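**Student:** Shown below is the structure under consideration.
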Amino acid sequence: MASRCAEDVHDETSLYDEFATMTTRIMVKKYTEEHEWIEMDEGGKIGTMGITEYAAKALGDVVYVELPEVGMECNKGDTIGAVESVKSASDIMSPVSGKIVESNEALSDKPATINKGPEAEGWFAKIEVQDQSELEGLMSKEEYDAFEKD
């Protein structure tokens, strides 16, 4: 009986380790040199993307957003939309290759949502990622913070 209990504890520990690893993977947000971000969902297939806080501050008050069409296929680096502010306009580029599965339509009516929460409710679009390995070439939060300061 004692060995059976030890096995149960080992199994529970393995499950905990698996869950902890999976949770860490889920919560990872990646960044580009063009000041865009992507965060993968639990299944690791759909990424939510948008512009960074740094980009939103640099743009100033956002007055117009051109969203990508749902179903649009794009390659990493392709322009998928644009953001216009009172100061300037900026293209939004896809950080990975894939297919757009959702656009944040709330931005059409309230583009300033990007200023309030560019890395939260101001997300731009969701993409079904074609090649997971493209995420490896993007920066972590720490790498992006260092890049942004340069």
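Using N, Cα and C of the backbone, Cβ positions are placed for all residues, glycine too.
Quick paste of what TrEMBL says about this protein:
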| type | residues | note |
| --- | --- | --- |
| DOMAIN | 46-128 | domain 'Lipoyl-binding' |
| MOD_RES | LYS87 | N6-lipoyllysine |
**Student:** What are the non-local neighbours of LYS87 (N6-lipoyllysine), defined as same-chain residues 6+ apart in sequence with CB under 8 A from its CB?
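**Tutor:** Residues satisfying the criterion: LEU59, GLY60, ASP61.
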**Student:** Quick check on the domain 'Lipoyl-binding' (46-128): DSSP residue counts for helix, strand, coil, in that order please.
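**Tutor:** Within the domain 'Lipoyl-binding' (46-128) the tally stands at 15 helix, 35 strand, 33 coil.
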